[in-house]
Amino acid sequence: MERKNVESLFAHARDINALVIGDLMLDEYLWGRAERISPEAPVQVLDVTREEVRIGGAGNVANNLVALGCRVSVASVVGGDENGTILLHAFSGKGVDVSGVFEDPQRTTSRKTRVVAANQQIVRIDRESRDPIGAGYEEKIVGFLREQGSRFNVILISDYLKGVLTPTLLAAVIAVARERKIPVVVDPKGNDYTKYRGATLLTPNRKEAEAASGIAIRDEASLCRAGERLLATADLTALVITRSEEGMSLFLRDGGVVHIPTFAREVFDVTGAGDTVLAILGLALACGVGFADAAGLANVAAGIAVGKVGTSTVSPAEVIGSMGFQHSDSDAKIKNLDGLAGIIEAEKARGKKIVFTNGCFDLLHVGHVKYLQKAKSYGDVLVLGLNSDASVRRLKGEKRPLIDEAERAHILAALDCIDYVVIFDEDTPLRLIETLKPAVLVKGGDYTPEGVVGKDVVESYGGRVELVTFVDGRSTTNIIDKILRAYGEE
């Protein structure tokens with residue numbers, strides 16, 4: 001897809017009403033350092049440094065859709081417990097409609113606790129129910145769909161085999177969707193795909209496709225046999241088999257097959273990557289994008305998702321940033337922090353080393369240029385944090401800056417060595433550094449390593465600080481003094 005088409009797709013997302021049906025859960029993360037062995041047993045001891053609870057399961061599909069700009073509703077059953085309440089409040093805070101979520105006092109809301117050290121999971125602890133929901137709750141969800149269905153452009157089914165998606169409920173949901181010509185995209189679980197019969201598209205991974213088809217996938221021929229069998233078994237329009245580092249394969253009812261290669265990336269965590277694929281495919285099909293282009297976008301998004309730790313979302317900026325589109329002009333390099341954060345995540349997912357530096361850069365001169373060129377040499381992507389006019393005044397005095405922030409940003413963005421410019425209003429760039437997490441932090445040689453703001457942050461995750469010597473006699477102050485000497489008396 002061309003850039004303008006991808007941008008148009010995401011711009012249209014705000015007009016899409018998506019319904020997510022499936023198993024909701026909470027994902028809890030305990031982050032820390034595992035550097036000791038317990039004296040009580042031969043196990044690691046985790047020193048917890050951070051705790052976080054996120055919406056997971058089918059809820060992460062909803063999260064991704066919200067991040068993509070869609071209007072989202074959820075239909076499910078949760079327990080009448082504290083975790084269920086936390087889920088509902090979290091959804092409401094994101095603007096997700098939960099009128100299709102029903103509470104069962106006899107049910108336990110799923111909560112998965114993941115213990116993470118050095119960006120790797122050590123252990124997972126599950127607390128949940130797996131019993132099928134009762135007929136009464138099936139009827140409530142179907143009733144909600146019949147009442148509200150006319151407003152939905154797409155239905156996404158996220159099955160984690162936790163009991164919400166019974167065969168009876170699935171058959172009823174797919175039947176209503178087909179009556180109303182609403183595409184149904186399913187992330188399946190289990191070996192019996194007949195329960196998804198009549199859906200538009202299924203997205204099993206390779207292992208799931210092997211189990212459901214009964215065919216060991218060893219080469220392209222066996223892959224195609226498995227795809228064809230699943231298409232027929234579930235009466236699908238299309239099937240996408242995700243194949244990890246081998247990309248994706250799309251199978252169409254008319255016999256067409258499209259293999260989509262992946263791109264090199266570092267995999268930190270596959271948790272939630274399938275949710276991201278489902279969300280992108282759902283949005284694309286709701287917008288009328290063809291299956292091949294939709295799968296291509298989903299492949300890019302999956303590559304971003306596995307570069308993050310835990311159940312995370314993927315933004316339009318990340319997808320666009322990962323598709324290799326070139327800057328059309330220097331203005332395209334100037335970003336706000338929210339937009340840049342997504343782009344940098346995408347650059348990291350592609351294996352790029354991020355370099356960060358900052359400054360006022362008032363009256364750009366050769367010393368600045370040589371400094372920035374040297375900074376770029378330490379990595380692949382150079383991000384420049386630019387002090388705003390207000391920030392410069394606080395640091396340099398009321399007569400500065402001489403050049404306003406918009407012009408300074410545009411001039412700097414015109415340099416080939418700079419990839420992105422982000423303006424910040426604080427006295428220091430600490431918030432930018434904490435958000436972007438560069439691999440290399442560069443400052444001028446007039447600093448000591450201990451005096452560099454953000455040094456502790458960067459070194460905490462294995463990054464480093466580089467000090468670059470300035471060109472002698474080249475500074476904005478010297479230029480101002482020279483101008484005043486030459487023209488001050490006129």
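Using the three backbone atoms N, Cα and C, a Cβ is placed for every residue, glycine included.
Taken verbatim from Swiss-Prot:
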type	residues	note
REGION	1-330	region 'Ribokinase'
BINDING	N205, R206, K207, E208	ATP binding site
ACT_SITE	D275	active site
REGION	356-490	region 'Cytidylyltransferase'
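The closest partner of the residue listed as 'active site' among the binding-site residues, by CA position, is N205; the full candidate set was N205, R206, E208. Secondary structure of the region 'Cytidylyltransferase' (356-490) per DSSP, as helix, strand and coil residue counts: 56 helix, 26 strand, 53 coil. Regional average pLDDT for the region 'Ribokinase' (1-330) in the model is 90. Just so you know, of the binding-site residues R206, K207, the Cβ with the fewest other Cβ atoms around it within 10 Å is the one at K207. Under a cutoff of 8 A between CB atoms, and with a sequence separation of 6+ in the same chain, the neighbours of N205 (ATP binding site) are I241, T242, R243, S244, G274.
In sequence order, P188, K189 make up the list of same-chain residues 6 or more apart from E208 (ATP binding site) whose Cβ falls under 8 Å from its Cβ. Under DSSP, N205 (ATP binding site) is assigned to a strand (E or B) in the three-state scheme. In sequence order, P204, A209, E210, A211, I241, T242, R243 are the residues of the same chain, not among N205, R206, K207, E208, whose CB sits within 8 A of the CB centroid for the ATP site.
Just so you know, the Cβ of D275 (active site) picks up 30 other Cβ atoms within 10 Å once every protein chain is counted.
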